[in-house]
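Beneath this line is the structure, given in C-alpha cells, with notes to follow.
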Amino acid sequence: MLNAVLAFKDYNVIKGIWGSPWVGFKHFQLFFENPQFWTLVKNTIFLSGYLILAGFPIPIILALMINEIRAGRFKKFVQLVSFAPYFISTVVMVSIIMLFLAPRLGFANVALNYFGFESINFLGEPGMFRSIYVWSDIWQTAGYNAVIYLAALAGVDPTLYEAAKVDGASRFQKIRHVDLPGIVPTIVIILILNVGNVMALGFEKVYLLQNPLNLVNSEIIATYVYRIGLLNANYSFATAVGLFNSIINLVLLLTVNGLAKRLTKSSIW
C-alpha cells in the first residue's frame, strides 16, 4: 500500500518517496488522455476474455475425462502428459512457439508447403496473435488447472455414484447429475478469481511474442507500462496505471462474487 503513494507523486530517486512533490491525479490524467488508452484497454480485455472463454471450460472437461478412466497406468500417463507442459518456463515456451511457427522452416509452414499452400508469417499477423497466445497457454496450463477439479471430484460422495448405478444411469448421466453438481462450488470460485484478474494479464509471454507487425493487437496495459513506465524510469506513471488496474479488478471481483453468491450460493467470502 505504501508504494501506491507513488501514483500521486512525481517520484524523484534522490528525494525519495516522501520527499517527492505531490501531483494529485496527474499521472492518471496522462494515462486516460493518452491516444493509446482505449486500444490498450480493448486489447487487454479482449485477450483476457478470449483466454477465459476458451480456456476455462477445457480443464473441467479434461478433469471429467480423466476421472472416467479406469485403467490406472493409462490414467497416470494421461495426467503426466497433460500436466508436464506446466513446468516449461515462459521463455522456453515462446521459443517453442517461434520455432514451430517460423516463416521458413517452422513445422507449421513446412506442413502447409507440403500440401501446396503458401507459407504464413503467423507471428507477423495481428489477427493471429490472440489465438496463438491463448491456445498455447491452454496447452501449457490445462493439465495443471484440471488437478483442482480432480481434487473436487475426489470429494464427491461415493454413495451418489452407487445410487446412480442402481438407477441405471449411463456415464454421461453420472457426469451430468453427479460429477458436475459436485464441483459447481469449485467452478464458481475459480471463475470469480479469473474474472477478477481480467486486467492483470501478465506481460512476460505477451512481451516475448510481440513484434512491430503484431503490436496493434499485442500491446496491452502491462507491456505498455513496462515499455513506457519502467524502461523510461517513470515509476510514478507505472504505479498509477498499476493502481488503475487493481481498482478495476477489485470492482470486477466484487461484482462477480456478488452475482455468484446470489445465483449459486457459492462465493469466495
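Including glycine, each Cβ sits where the backbone N, Cα and C put it.
Taken verbatim from TrEMBL:
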type	residues	note
DOMAIN	41-256	domain 'ABC transmembrane type-1'
TRANSMEM	45-65	transmembrane segment
TRANSMEM	77-102	transmembrane segment
TRANSMEM	142-161	transmembrane segment
TRANSMEM	182-203	transmembrane segment
TRANSMEM	235-260	transmembrane segment
Do the transmembrane segment (142-161) and the transmembrane segment (45-65) come together with 3 or more C-beta pairs under 8 Å, pairs six or more apart in sequence?
yes
How about long-range neighbours of the transmembrane segment (77-102): same chain, 6 or more residues beyond its ends, C-beta under 8 Å?
62, 66, 69, 108-109, 122-123, 132, 136, 139-144, 146-147, 204-205, 208-209
Given a Cβ distance threshold of under 8 angstroms, which distant residues of the chain, six or more beyond its ends, lie next to the transmembrane segment (182-203)?
44-45, 47-49, 51-52, 56, 60, 63, 145, 148-149, 152-153, 155-157, 160, 220-223, 225-226, 245-246, 248-250, 252-253, 256-257, 260, 264, 266-268
